[in-house]
Every structure is written in structure tokens, then in C-alpha cells.
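> Here's a structure for you.
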Amino acid sequence: MKASYLETLDRIKDEHAEMSKHVNQQRSDIEKVALEKENMNRSYMTYAEVSNTLRSDLRKAEEINKRLQEFIMQSLAPQLSQDNQANCLAALEAFKTASPRENGNGAPALPPGFPPGAAGMLGMMPNMPFGMSPAMSQLFNQFASPHVNGGDGAGGSSGGASEAKKAKLEDPDDGELEIDVTNDDHPSTASNGGAANKNGRDSTNSVASSGASTPSIASNSRARQQQQPLAGLQGLEQMNFLAGFNPNLLRQASAAGGFNFLNDPHAQARLAAAIGQIGSRPAYSFKIVDGGVPTPTSFPPDAQKGPGIPTGLKKKMELNHGEVVCAATISRDNSRVYTGGKGCVKIWDVKESDISGATVVNRPPIASLDCLKENYIRSCKLFEDGNTLLIGGEASTVALWDLTTETKTLDLETDSQACYALAMSPDEKLLFACLADGNILIYDIHNKVKVGTLPGHQDGASCLDLSKDGTKLWSGGLDNSVRCWDLAQRKEVAKHDFASQVFSLGCCPNDEWVAVGMENNYVEVLSTTGKEKYQLTQHESCVLSLKFAHSGKFFISTGKDNALNAWRTPYGASLFQLKENSSVLSCDISFDDSLIVTGSGEKKATLYAVEY
């Protein structure tokens, strides 16, 4: 009897567990259906707005046509002779039945001057949903999405980024920046830009993404402009558009379709990428002069070759740090690599045989420096003699370490929750620290005192770099701005505003260009002397680190799309792209431009030899 009773209880428990499982599954399905319904409602509202705009424009055109006919018939025709009146009336009747071919258009309902291959272009004709190719349908969806028009729809993906590694941009109650690092999941396959996330994760550009493997930066900024990624327009490679069509058609499209092309440079870049091709691949570099419309960049013949221009990388060492590597640097003589993770900096020995050998070397570190009390390290700066290391991260202090004795010699107080980036003056006397509260602190390293503050960023200061002569400091922030500071006067002398948070920044050694990596997947190269800039679109997720070669001829950028891209300075011709297995969080280039090190969410750093 007792055994039967226990068996009955076990069966009831099993049935209850099974029912709970089904209930949870149904609840999950209901949430997914609700999300899909919400997305469908947003899409419906977008299409309804487009339809209403087109109907309104059609009514306007009909009214204008009616008034013109009345004016001709009532005011002009009576002044003509009888023969001319008859000819005028006949011409008016002929105009009513004129075919598109007679009007000089290559396709029905296209405006004059539009390329024949552009039939069905967004917002240019009332009957555009009919007869559109799949590629054009996708292009329409890109421009009609709520993201493009400043909405907060959830239909956009990261344009091919690993969905398990989206940046987590949270908004904590305390108003401070929050850094969170979790382990990487297995990378997922790339998804099309503009498609809904199939695994339930939010876009990299959303305010509350989850599952990040990268140290994420949470901000108290509520007004985040969300940008639709440029990458992922599948099928556009097959479209035979003319690259040099009349730019005034952008204004016609903006007026006819209700889309804000002229005030959204990213929408302009997407349109330019769709219709302008360079060689056999879609355009990925765009030149913008004085805030104008982005145009595909024309590269010189030697853009991807020549002395000092790399052709690729060869893996030489794998440095298994054991934690997510948020900072990495190479010593001046290439004999050491320093990697920063959670609570420690590890030092790795690099031998000439490691670089010249044919096999990938994997060995333990020669030393480990315990620092920042189990907080993640975000920046390491090595003195030129290789004996002193500055360490900053998710702590209120910046640590100074003597590497000869492997002891900490100084803690510099920042009065902030975190320090995201460090830079030193050329004479190594001054230290500059980017802080979570938006300030940039200046320390006298030798006298061990704070000597100044550069206030200006309205949100966390995330990155900085010095000009080669040390007179100018460039900083980027989560307030969507890049600022230039005159260090002699210690005041802001220039400011550049963007549509996205700035995550990384680097100054070209010739002091003519500054490259900026952003949360919206773009790299922008700004001229320090003129009004032109280049916009580069190869990344499929946010750009986390950026570094110029010491020659100034090229620079590299890394991101949450697991990619390392090498670009020609300044116009961004792609030299090569390398994919790792996880988000690439940090990078450095050796002083002689022969080595590159990357730190990743795979809890390791990788040392590469640069091939020329």
C-alpha cells in the first residue's frame, strides 16, 4: 500500500513537471507571438504612413494638373489663333495618353533621369509594390523600417553580427556606467540586415541587449538614436545600377516617399551602397565633404599595395589568459606581450623563434600581476623602457606597477567608478585618463598629483589618443561626440557630433586624420585640417578597438562581429579581414609594425605576424 502511494506521488510529480514544462513552453510561444504581432503592427504602421504619403502626393499632383489645365484653357488658349487653339487642345489630349517611353523613361512611372534598372525604387511611384525584385523589396524594407525613420522598432538585427555577443547597453538606476562581462556563447550564423532576431536577442543597437561577452558600457543617456546596420543587404550585388546617377534624385525620393534621406547620412550611405558598386563588390567606403551626401570612394591604383602596406596576418602565438582579455599591449622591443583580464595582468615572453617558426606557439605566462581587486582591466600603458606599467579599469584608481620587482608603486585616485582608457604624453610625464563620469583627468606621474581636468563629455568618456607632437588630445564618448583639446590651454577646441556612441579612437601619426569606431558598426575617418571624412562599413557589429600603425599608412579595427579589419589611411581601402571565434575586444600594433596582438571574449589573446 505504501509503495503504491509513493508511486502515485512520483507519477503526480512527473506529470506536474511535464505540465509545467508545457506551460512554460506555451508562455514562451505566447511571448514570441506577441513580439511578432508588435513587429507586424509597426510594419503595418510604417506601410500605412508610406501609403498615405503617396496618396497625398498623388492628390497634390492631380490638383496641380487640374489647375494647369484650367489655366491653359481659360487664360492661354483664348489668346491663340483658331489653328493654334486646335493644336493646343490636341496636344493636351495627347499628353493625357502619353506612354512612359514617349516621356523618355525606361520603365513605367519613373521620374526623368532615373536609371532604367531602378524600377521600383522606394517612394518614387504609386505602384511601386508591384513587380519589385527581391533585392528591391529588401531595400524597401531597409528604408521603410522604424529604425531608419528614428522609431524604436525591433525589426533590425546587427547585420550579421554573432547574435550571442550583442553589446549590453543598460540603464542602471544609479546613473553610473555599468560594465558587465560574461562568457561567450557559440557564435551564431550571420543574419540579414533588417531581419528580426530569431534567437530572441536584441540588436546591438538596442538599449537592453543581453548575452554580451564584451565589457559593455551602460549609460544614463535615455535618448539613444538607433541606427540600422548597413551590412546585410543580400542580393544587391546582382543589381545593375549606375553608380553616377543624378544626386537630385535623393531629394525627389525624400519628397515623394516621406523618408528623411537628406538629414540621415546613414540612410544616404545605405542608398549609395545599394546603387553604387566599386569593381565587383558593393561599396564599403564613402566620402563625405562638408556634411554632404555620401558618395562611394574612388581608390587610387596603389590603394592595396606598395611599401609598408600589409597583405595579411599569420598567427604565431595563442596566449590563454583564462579570462576575457579587455586590454593588450606589446613592448617596444617585441619581447613581451601584456594582457589584461579580470583582476590581473599577465606577462608573456615572445622569442624570435616564436615569430619565425611555422607552428603556433602556446605557452604559459612568465608572470601575473594581481591588481584592481577582481575588476576588469580596460587599458594598459607601458613606459618606453619597459619597466613601468599603468593599469586602468573598472575601479576608482589607476595603478602604477614596477615590472622589475613586480610590485605596485602607486594608486592614483580618480573619484569615478571606472577608467576606460589611458594615454601618456610623449615625455611620459603626464597621464590622461578617460573616466565613466565623462571627465578626462590629467596626472603628473613623477610628482604623483592630479594637475587638471578636462570636462565636456556629457556621458562616459570611452577612448582617447594624443597627437604625435603631444599638443592635442582627442577623446570620444558615450554622448555621441568626439572632442579635440588644446593641452597648452587645456580647453576644447573642436567637437564632432555623431549619430551613435563612440567606442574607440586613434590618431594617425601624421596628425592629419583621426579614426573613430562606433556602436552603430561604422568607422569614420575625420580630417583634422579639412571638412572631409570617410565612412567605412565593413564591420557587422559595434567597433570596440582601433589602432594606427606607427608608419601611419594603415590602421586596424576590431569588433563584436569577431572581425579584425585592416584599412588603408585615410580612405579606407580594405587591405584584409581576419575572423576570430569570438568578439575581438582589444588590439595593439608593435612599434615596428611587424606584430599585432588581439584580445578576445574567448579568454585568450592572439599574436600575429604582419605579412607584407
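Glycine residues also receive a Cβ, built from the backbone N, Cα and C atoms like all the rest.
Note that the structure is a prediction, hence the values are computed from the model and not measured.
The compositional bias 'Gly residues' annotation in Swiss-Prot covers 150-159. Annotation comment: Swiss-Prot describes 171-182 as compositional bias 'Acidic residues'. Look at Swiss-Prot and you will find 202-221 tagged as compositional bias 'Polar residues'. Taken from Swiss-Prot, the feature repeat 'WD 3' covers 414-444. According to Swiss-Prot, the repeat 'WD 4' annotation covers 456-486. The feature repeat 'WD 6' is assigned by Swiss-Prot to 579-609.
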> Six or more residues out from either end of the repeat 'WD 3' (414-444), which same-chain residues have a Cβ under 8 Å from its Cβ atoms?
176-177, 179, 217, 378-381, 383-384, 390, 392-398, 450-466, 468-470, 473, 475, 477, 479, 485, 487, 490
> Do any residues of this chain, six or more beyond the ends of the repeat 'WD 6' (579-609), have a C-beta under 8 angstroms from a C-beta of it, and if so which?
162, 165, 183-184, 187, 213-215, 308, 310, 313-330, 332, 334, 337, 339-341, 348, 350, 354-355, 544-551, 556, 558-564
> Would you list the DSSP helix, strand and coil counts for the residues of the repeat 'WD 4' (456-486)?
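Grouping H, G, I as helix and E, B as strand yields 0 helix, 18 strand, 13 coil.
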> Would you report the average pLDDT that the model assigns to the repeat 'WD 4' (456-486)?
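For the repeat 'WD 4' (456-486), the model's average pLDDT rounds to 93.
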> List the helix, strand and coil residue totals of the repeat 'WD 3' (414-444) as derived from DSSP.
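Each residue of the repeat 'WD 3' (414-444) counted once, the result is 0 helix, 17 strand, 14 coil.
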